[in-house]
Amino acid sequence: MKHLLGCAISMEKHKANIAMLLTQMFFAGMALFSKAAISEGMNPYVFVTYRQAFAVLALAPLAAFFERKTLVLLSYNILLKILLMSFLSTLSLNLYYFSIHYTTATFAAATTNIIPSITFVMAVILRVETLSIKQSHGMAKVLGSSVCVSGALVFALVKGPHFNFMNWSMGKTKGAHTSNFHYTLKEEWIKGSLVMLLANIIWSLWLILQVPIIKQYSAKLRLATLYCLFSCIQSSVWAMAMERNISAWKLKWDINLFSVAYCGVIVTGITYWLQLWAVEKKGPVFTAMFTPLALIITAIVSAFLWKETLYMGSVCGGILLVGGLYLVLWGKNTEAEREVNKDQILETKDGTTVI
């Protein structure tokens with residue numbers, strides 16, 4: 001019986017790990033493709049609207065098929081909560097795509113690594129996540145969170161020597177640049193960085209607030225569909241107010257169409273559902289702790305496909321990110337095993353024989 005129970009727990013752990021690995025691969029593609037589309041001139045608010053529309057088209061049939069026998073009451077109270085949560089996701093997405101216009105795909109992936117520490121702190125304060133500093137698993141989660149953030153900062157800010165792949169040469173800027181031009185670039189970079197930070201804070205809050213809603217409305221595909229539907233409506237209102245040029249809404253067979261379809265169907269659609277499932281199984285901090293992987297994937301793909309320069313600082317930051325990630329996962333797994341052992345001891349004391 002103990003062996004079967006251990007196998008079942010191990011399978012659940014692997015399912016959650018695989019789900020979050022796929023999620024971060026999809027997020028890496030989101031940073032790469034969305035940056036490409038917005039750099040081509042696509043309005044970021046229009047991008048979010050189309051992204052959410054594609055997500056609804058992808059999720060609605062899946063929800064209707066897989067959850068056709070699931071009976072869950074959608075009360076006005078739950079509907080209001082879903083509407084408010086959709087507003088948070090809409091706000092976070094619009095801020096994210098606004099800021100990515102002034103930064104890079106790698107920077108966008110790097111700054112999202114602040115999400116684990118923000119989520120951890122918020123979850124502890126709101127008592128969604130437990131923390132015992134005196135225990136080894138509690139120290140591992142704290143230390144791992146700190147190492148993850150440190151690795152993200154090193155990755156984004158420290159350069160050092162660069163690596164040459166296949167004799168790639170670093171691009172050199174030609175022509176003279178005035179001091180005003182450099183000041184403008186620095187000002188835009190700071191603005192984009194601050195907005196990106198705000199987007200990540202809002203996303204961390206969105207992750208934490210999923211827990212009580214999922215308990216009340218267990219149909220995850222329907223919940224993700226409702227999120228995307230309300231977000232699409234909210235985004236369209238905001239986009240029409242900010243962009244009144246009809247030509248900006250036209251989609252052609254180019255990177256813009258591919259990007260919104262990818263972000264809508266794969267990222268917003270499938271990833272929403274994977275995140276909701278992982279949050280229900282492992283909690284919001286476990287979900288957020290996989291975020292560093294998207295940064296590593298983005299940097300590798302950018303280096304090999306887009307010939308972006310890879311620095312020694314990026315490699316060192318990646319090592320710190322992976323080390324911090326496994327520290328936190330070890331802490332989470334150790335904590336989960338102790339909870340299982342505690343439950344077995346309580347069952348034994350109640351007179352139930354555990355074989």
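A Cβ is built for glycine as well, from the same backbone N, Cα and C atoms used for every other residue.
Features as listed in TrEMBL:
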- 16-149: domain 'EamA' (DOMAIN)
- 191-329: domain 'EamA' (DOMAIN)
- 21-38: transmembrane segment (TRANSMEM)
- 44-66: transmembrane segment (TRANSMEM)
- 78-99: transmembrane segment (TRANSMEM)
- 105-126: transmembrane segment (TRANSMEM)
- 138-158: transmembrane segment (TRANSMEM)
- 189-209: transmembrane segment (TRANSMEM)
- 221-241: transmembrane segment (TRANSMEM)
- 253-274: transmembrane segment (TRANSMEM)
- 286-305: transmembrane segment (TRANSMEM)
- 311-329: transmembrane segment (TRANSMEM)
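Looking at 78-99, 138-158, 221-241, 253-274, 286-305, the range that has the most CB pairs within less than 8 A of the transmembrane segment (105-126) turns out to be 286-305. With pairs at least 6 apart in sequence, the transmembrane segment (253-274) and the transmembrane segment (286-305) have fewer than 3 Cβ pairs within the 8 Å limit; the two do not touch. Summarised by DSSP class, the composition of the domain 'EamA' (191-329) is 117 helix, 2 strand, 20 coil.
For the domain 'EamA' (191-329), the model's pLDDT averages out at 83.
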